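Data first, discussion second: the structure below is written as structure tokens.
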Amino acid sequence: MLDRQQTGIVFNVQKFSVHDGEGIRTLVFLKGCPLHCPWCSNPESQRREPERAYNPTRCLTAAVCGRCAKACPTGAVSIVGGLVCFDRSKCTGCNACVRACPSGAQTVYGETQSVDQILSRVEEDGVFYTRSGGGLTLSGGEALAQPDFALALLREAKKRHIHTTIETCGHYPTEVLDQACRVLDALIFDIKCLDSARHKKATGVGSELILKNIGHVFEHFPDLPVLIRTPVIPGFNDTEEDILGIREMIPRKANIRYEALTYHRMGQPKYGYLGRRYELEGVKADEAFMKRLNIMLKSYEK
């Protein structure tokens, strides 16, 4: 199969991003992730398969509409007390409710698309990439959780002279990362915690493979621009020892940068849309600590 014909499951294409790589970029979000971080801002990305979601803030209300319940052939969507209710155990994934919904309250996260389809959308903004040094960033979920599709996207983008970056959690076979780095222009790599037991308790996997993979990048792709990022999560890795320990293991080179990211809850509403509970309810970032931490991190840049 030609690279441009390869297909994968994508849940969002976001244009005009300026925070996920150099210049103005188009972000392509792929479904699936080997980690299950309770602070994840894209919970709809974690499972590989498409997922049905309901956003009540966009609903026209059962009194005005109710088309989703009428369209559902299994009774998974119903009207109870004037409210739209969803029984996931009865849902067969036919998406009749989604097609019937006029407001977008009923939706599906995840759609099968080809490399050609994705890059056609990416290329629409080619003039912005040229002027800003931007391009394509693969994200997720995990950008390499669908390795065949992701690698085909990167190779085909390279043929079309599109600057490429991936955002990655680093947990997959080293050979996959090696293949990606051979065609990447830059890499954004998360390191959340050096303590493997603590990492596994929080995310579901240990940190050994992640650290092995970033070590592989440092050794075999020494000139690749790399941004290492750590989300600072209260109660998980919010100590000077944790963050400075990660910074210490990163080579001090001009092409390697490090960022500690402040915890936020911008993705919290989506947990409700998916029928899940947000486990960090009420948790807030310590702004004073982050300010002190960033002052300390600046000393590594000298």
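Backbone N, Cα and C atoms are what each Cβ position is placed from, and that goes for glycine too.
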Matching residue for the [4Fe-4S] cluster 2 site, where Swiss-Prot names CYS59, CYS65, CYS68 - out of CYS33, CYS101, CYS169: CYS101
S-adenosyl-L-methionine binding, same site as TRP39, CYS40, SER41, ASP190, ILE191, LYS192 - Swiss-Prot member from GLY81, GLY82, GLY141: GLY141
Per Swiss-Prot, CYS91, CYS94, CYS97 bind [4Fe-4S] cluster 3; matching candidate in CYS72, CYS85: CYS72
When distances run from the Cα of CYS40 ([4Fe-4S] cluster 1 binding site) to each of the binding-site residues CYS72, CYS91, CYS94, GLY141, LYS192, the nearest one: GLY141
Cα-proximity to CYS97 ([4Fe-4S] cluster 3 binding site), 10 Å cut-off, over binding-site residues CYS37, SER41, CYS68, LYS192: CYS68
From binding-site residues SER41, CYS94, GLY141, LYS192, the one whose Cα lies nearest CYS33 ([4Fe-4S] cluster 1 binding site): GLY141
Distant-in-sequence Cβ neighbours of CYS37 ([4Fe-4S] cluster 1 binding site), under 8 Å, six or more positions away: LYS192, ALA202, THR203
Spatial separation of CYS72 ([4Fe-4S] cluster 3 binding site) from CYS65 ([4Fe-4S] cluster 2 binding site) - C-alpha basis, Å: 14
